[in-house]
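Participant: Dumping what Swiss-Prot says about this protein:
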type: DOMAIN; residues: 2-226; note: domain 'Glutamine amidotransferase type-1'
type: ACT_SITE; residues: Cys86; note: active site, nucleophile
type: ACT_SITE; residues: His195; note: active site
type: ACT_SITE; residues: Glu197; note: active site
Amino acid sequence: MKFAVIQFPGSNCDLDMLHAIRDSLGEEAEYVWHAETSLAGFDAVLLPGGFSYGDYLRTGAIAKFSSIMPEVLRFAEMGKPVLGVCNGFQILTEIGLLPGALIRNNNLHFICKTVPLRVANADTMFTGLYEEGEIIQVPVAHGEGNYYCDDETLLKLKDNNQIVFTYDSVNPNGSRADIAGIVNERGNVLGMMPHPERAVEDIIGGTDGLRLFESVVKAWKEEQVNA
């Protein structure tokens with residue numbers, strides 16, 4: 001399976017993402033510069049964390065207009081897996097692949113620590129190797145990770161089982177309904193603020209994030225068999 005790691009000016013988690021896929025997961029991964037216009041040959045797209053375009057205007061607002069974005073939209077429309085982490089999640093909301101928005105943390109401080117997450121939906125291509133209700137430990141590092149949506153959108157997310165991860169015990173940023181990660185209605189686009197790529201090795205704190213990537217590979221292989 002081959003993963004595309006999209007790089008923007010200001011990305012700083014792209015190397016972490018590449019390392020997670022190549023070295024921990026054992027799959028192919030390549031960088032794709034934001035000015036490219038093709039994702040041919042790739043099976044999954046990863047939008048990493050960082051500060052694309054310096055977070056000017058607002059997080060993800062300028063990345064929305066990058067040349068690669070029409071191809072990311074087409075990729076998602078084809079049903080292929082798209083994962084946006086931290087700034088990548090913010091970008092996914094800006095381009096309309098996911099509802100809602102990410103705003104300033106309610107304490108107005110940058111947060112960098114490992115937090116407990118509850119797996120709210122284990123029936124997605126990203127969470128198939130987790131158990132529903134399982135508590136996992138994944139790092140966060142953000143200043144604008146406070147997920148916001150209106151009441152109608154929140155109800156829809158709940159009704160469609162689109163809330164995939166929630167913060168457990170303590171909500172670090174004020175996100176509505178403790179939301180840490182959501183999928184689109186089709187289930188092939190996941191946005192999350194915590195960093196699974198930073199939880200893929202025991203030596204740096206655990207491997208709870210690795211199963212997310214393993215789940216994607218498992219779902220992809222099953223699709224190839226059934227194709």
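Positions of Cβ are set from backbone N, Cα and C atoms, glycine also.
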Participant: These are the active-site residues: His195, Glu197. Which one scores highest on other Cβ atoms within 10 Å?
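Facilitator: Ranked by Cβ atoms within 10 Å, first place goes to Glu197.
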Participant: Below 8 Å Cβ to Cβ and six or more residues apart, same chain only. Which residues does that give for Cys86 (active site, nucleophile)?
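Facilitator: Spatial neighbours, sequence-distant, of Cys86 (active site, nucleophile): Cys13, Pro48, Gly49, Gly50, Val140, Ala141, His142, Gly145, Met192, Met193, Pro194, His195.
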